[in-house]
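Heads up, the thing below is written out as structure tokens.
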């Protein structure tokens, strides 16, 4: 056991200010709510807080095609009508609308996950958190399922510079199809997704028999579930699968996508997990004591998303949180009971014990096909991707640096929430 985990937490307030549109279920505002709830519980005092750098197009193109990245950078709500063919080609439109500051939004959430991976690689922290990340549906050349840039793939690619094997775990109600597809042919990444499958549920992939191909055969694990799965069933299966996966695969690092749409009462979800059930999965993965990158994901009942990711921040910090939510800027959203935990609902669990047991047996059988973890020789660790930056010696300390230029600096003067330069000191006082 490590004596005390060092936690790095990434957040930029601008990520919560974008607006997908009036009828769109994705509300990035949930990220502001989460952050202020984290502050109200004073969890920021127990971890290092960073504003992520905005990922450069050349960084995004480490996975995505250069033409797709360039189009995301160029398209605006005012010009989208001029690019109808490209809108279709890149799957932009109803599910993935073009909105103001779309590309900057992608740069921020992707930058957070990339920075998180780099801090883990450089052993500057044990656990890195980016609740703005976890957009697991985006593909190499197109947007999908409210996701434009797949920050998870970019983060895993960073981790692979230092680790022979990376384990990806996904507890979003939707299949982690974009991440699985990116690594479907390699044994360097094992993807494990627990998700609703069947009944034309988005994205329609993630069958038990989809196990990877070529060198990646048996390195994709899918746990397809039916409506109404509850804490007892989900947590038991999660523990049995993940324990066996880690024992067999022996990863050097783990990426955990904590989509909160698997909670009871989610606008788009159909599972019946309480926050405590969802968080139990996070606790189990934390207790594996491996370098851990934690992201958000789906979640469309925003007050419950904020509750869930705050509880899970507390778990990662080994902090006990009182159930009564402290005063904060978004307190009205947690009425009428103002409690942190939410229970599961009265929903019927359509996952029988025999069905879940058959999944467990098949997963264990597939893992036996691996025999032992793959042997990967790492010759030389490539450097972090070159980022244009300032030469500090050439900067005039008397010259005022504007906000935009300052935000480009990875190491910021006010990256910690402490002191007079703290942008959120008002919330700290609250």
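Heads up, the Cβ atoms here are built off N, Cα and C, so glycines get one too.
TrEMBL labels come from automatic prediction, so no person has curated them.
The range from 347-388, 389-430 that TrEMBL describes as region 'Disordered' is residues 389-430. Shown in sequence order, 136, 137, 145, 195, 196, 201, 202, 203, 259, 261, 298 are the residues of the chain, 6+ apart in sequence, with a C-beta less than 8 angstroms from the C-beta of residue 174 (divalent metal cation binding site). With a 10 A radius on its CB, residue 261 (divalent metal cation binding site) counts 24 other CB atoms from all the protein chains. Model confidence over the domain 'Histone deacetylase' (24-313) stands at 97, taken as the mean pLDDT rounded to a whole number. Residue density at residue 137 (active site, proton acceptor): 27 other Cβ atoms are found within 10 A of its Cβ, drawing on all protein chains shown.
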